[in-house]
Amino acid sequence: MPKRDDIKTILVVGSGPIIIGQAAEFDYAGTQACLALKEEGYRVILVNSNPATIMTDKEIADKVYIEPLTHDFIARIIRKEQPDALLPTLGGQTGLNMAIQLHDSGVLEANNVKLLGTELESIQQAEDREMFRTLMNDLNVPVPESDIVNTVEQAFEFKEQVGYPLIVRPAFTMGGTGGGICHNDAELKEVVSNGLHYSPATQCLIEKSIAGYKEIEYEVMRDKNDNAIVVCNMENIDPVGIHTGDSIVVAPSQTLSDVEYQMLRDVSLKVIRALGIEGGCNVQLALDPHSLNYYIIEVNPRVSRSSALASKATGYPIAKLAAKIAVGLTLDEMLNPITGTSYAAFEPTLDYVISKIPRFPFDKFEKGERELGTQMKATGEVMAIGRTYEESLLKAIRSLEYGVHHLGLSNGESYELDYIKERIGHQDDERLFFIGEAIRRGTSLEELHNMTKIDYFFLNKFQNIIDIEHELKNHQGDLEYLKYAKDYGFSDKVIAHRWDKEEKDIYQLRMSQNIKPVYKMVDTCAAEFESTTPYYYGTYEYENESIVTDKEKILVLGSGPIRIGQGVEFDYATVHAVWAIQNAGYEAIIVNNNPETVSTDFSISDKLYFEPLTEEDVMNIINLEQPKGVVVQFGGQTAINLADKLAQHGVKILGTSLEDLNRAEDRKEFEALLREIAVPQPQGKTATSPKEALENAREIGYPVVVRPSYVLGGRAMEIVDNDQELENYMTQAVKASPEHPVLVDRYLTGKEIEVDAISDGETVVIPGIMEHIERAGVHSGDSIAVYPPQTLTQDEINTLEDYTIKLAKGLNIKGLINIQFVIAHDGVYVLEVNPRSSRTVPFLSKITDIQMAQLAMRAIMGETLAEIGFKQGIQPYSEGVYVKAPVFSFNKLKNVDITLGPEMKSTGEVMGKDLTLEKALYKGLTGSGFEVKDHGTVLMTVSDKDKDEIVKIAHRLNEIGYKILATRGTAQKLKDHNIPVEVVGKIGGEDDLLTRIQNGEVQIVINTMTKGKEIERDGFQIRRTTVENGVPCLTSLDTASALTNVIESMTFTMRNV
């Protein structure tokens, strides 16, 4: 069947900012799809609000709009561009919901826009819980006993019929937003009211819990001729009850009999045929472990997290082929790009095992509720490939970067067995490691199976890992056992620990005895056809399939799993670096382990090694490939942390030298450099003990900022005001980084400025300066950044330029550097310097059209910036105003305080661009999910130090016509200035403010932190209540003031004559 010729222009909707439940997998899918459509000759228009993606690069589509993903903005683009068709199935839940809204409002019909891919009716049948249930009943496919409710009362009626436990699933949401498992009336009331709030259709499905069943997924493809195949089937190690995004997953499934496998396969294909899906689709099923009974849980009629995993697990490019199916091509006429000889209608087969483990943010949010359920909490994931299940699991564990390298906890031996069992009884992110500890203590697999419902197959594999540990301990120095342990994925570090040796001893022993891994190809067909892909994994076998060429090579380290503080921005830089390396004529090799990203698409680099980012795993690749050098500055802290270790093996680190990287990180050396080049910094000291920290703080004067050295994303960083707070911090934070001391700095309140620059050692190019809306003290990743700066004097800009050039030259930077400054009372001070690619590189690259990561890579390879055509200093400004606004995922993380401070908390970002600051801010806030209303009620409760400042904001909001509520102290201050205000009661009292928020009477909350136990708890409760009820809460007065500017620009002033 030829492709459709009745359409020329296609609008593709992206998925927007990275949030929990919707991460980098959609950048990968969207990029693939746009390129596939262009390949077929269509004109592609893309709209997405996330600047940190490869997808929003100009080369990916014919026209790129970085605009908020709301009905109104997309409608404007449709009216302006007049596309013939809209492809919504590659933009996650956001894309689907937009398609439904644009259809319902009549915009698509009025502009003659057709929907491509899966029909709208099918999307609604899969997403609307009522319609889906009806269809399943018609097909005789069992679904769990359930009911659709639109009110809390209806939920209680259903509970009377079936009893607890119950699972609540809101309609039209992703990542299980608002859903959960309920065991009692209180939980049912909370979860259902939450779920109705988050569901655009105010609809929840309530079903009898089948927790304990096996959860199986099939990733399927279908075209318009009804050809349908299974691309990959996957098994969740965790039984039903934990969201698949939070489950440990293995592919292919390990515990299904052939009868079970074929039965579930047939059902999956039957369902997507009945739904009429064209493209990729994910089917989730629950199988009773003791019979052939099964239920269908849900169907995602779109490309998803699971399809990104399935693509990387099999090498089969689902998103690319789904896009081509959407324009009418069929599976039997498209070649499989991996083999280049077989067709896309062949089902992939695997001769290896894949393990995926989610990456959770609890190392950042130690107080967050860790218990896992049907609402997703992971920010990202890692994948590993091995020849045995044990090997793939252990490789995945050491890819997580939790400081855990094995099936156990770093201080596991210190726990009591009772505590270990108690932790296993709760489903949380550490359960796997506690199971390892329990097996070490001799707990029977039967007991573990009864507690967890994890299949005996997996428990036996865990047991095998522990058995090998014992064998190692009993056979110290025995090469046979060393080889055996390597076959099952043990790292040198773990073997060294069992043999009471150093990791390097084991490495040297392996080298001397030639015990090295070989690299196998991922080819979709278990080596049945000749394959051309350069996609490899390491394993301890005999034949090496990775053929080393005689071309000069450069190895780029990726940034691993997505987590808070290290997002898709680093993947963006990695991909651009690879393109620059290829353009310069070198062979580009990537090492990375994140299945969601563009960098792990085999078509990006000349060779892709899907391996853990550890010293051992990277050295094994270097020993084989012998690259000219390794690039670490694009892979975030993950890659930087490996530089030292690789250099000790004699590996050449390209770009800024290791000495200079360390000079930027080492406090004393950095201070010496600043004195030498005369760049001021806030007064600061280094402390290695609580006593020393107190002496330092008293000498400098409070408030001080305290943080461990060598961390990313402001981990364990705090602003403290007195001795007591400092003592509390020191007893908890010193463990944050034992080999490295704690830094104590004077805390300067002032404007925070961020600068990214590129240097070749001679010329320093500054693409732009960004000014933060929030004053210093809020982490740069959580601040709203504005380009070009709006309130700086020319003198200040000249000073910033001068200091940036001095720092880049003083540190001998080759490549990228990111600097944060503060402008306080009497001048410009440097806060910190990062000699690497930063979070703002994609944002600035998009604005200025200077491909910063590529330019940096060219400088690293020896080109001079002057030859390329750049002059030193700040580059000419782009027209317009650009805003980078942070996006948070607090609604998915219970018990996490949303107050902004020096620890980073946002998971993603959006860009707003327009001709004025207010319009750009409006777009940034709207794109980040903040509904800006020109009237309503604002609730204010601020700390004493902020009371003077809140008066101005209250006055302006009152002028616009906002109604003001305030707690007693704040209200008194406003009354003193003749601002009309209504006093609300304290928590727990009459007419308390939480009830007001819960009843939907408040549109905005402004709440700043007051220290002190009781008040802090109240403040925390207020902030969490706003999150649970979807009310915007501002914890910084600078953000509140900026929002007030936006509202003022939307309204007319009303004053009597």
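Heads up, the Cβ atoms here are built off N, Cα and C, so glycines get one too.
The annotation in Swiss-Prot ties Arg707, Arg746, Leu748, Glu752, Gly777, Val778, His779, Ser780, Gln820 to ATP 2, and of the candidates under consideration, Glu699, Glu762, Glu832, the one tied to the same site is Glu832. For the pair Glu832 (Mg(2+) 4 binding site) and Glu298 (Mn(2+) 1 binding site), the Cα-Cα distance reads 48 Å. Residue counts for the region 'Allosteric domain' (930-1057) under DSSP, helix first, then strand, then coil, are 62 helix, 19 strand, 47 coil. A straight line from the CA of Asn834 (Mg(2+) 4 binding site) to the CA of Glu298 (Mn(2+) 1 binding site) spans 45 Å. Most Cβ neighbours within 10 Å, among the binding-site residues Glu215, Glu298, Glu832: Glu215 holds that distinction in the structure as shown.
Mapped onto three states, the DSSP output places Arg129 (ATP 1 binding site) in helix.
By the criterion of other Cβ atoms within 10 Å of the residue's own Cβ, the least surrounded of the binding-site residues Arg129, Lys208 is Lys208.
The DSSP secondary structure for Asn834 (Mg(2+) 4 binding site) is strand. Note: the CA-CA distance between Ile242 (ATP 1 binding site) and Glu298 (Mn(2+) 1 binding site) rounds to 14 Å.
Within the model, the region 'Allosteric domain' (930-1057) shows a mean pLDDT value of 89, rounded to a whole number. Only Arg129, from the binding-site residues Arg129, Lys208, Glu215, place their Cα within 10 Å of the Cα belonging to Glu298 (Mn(2+) 1 binding site).
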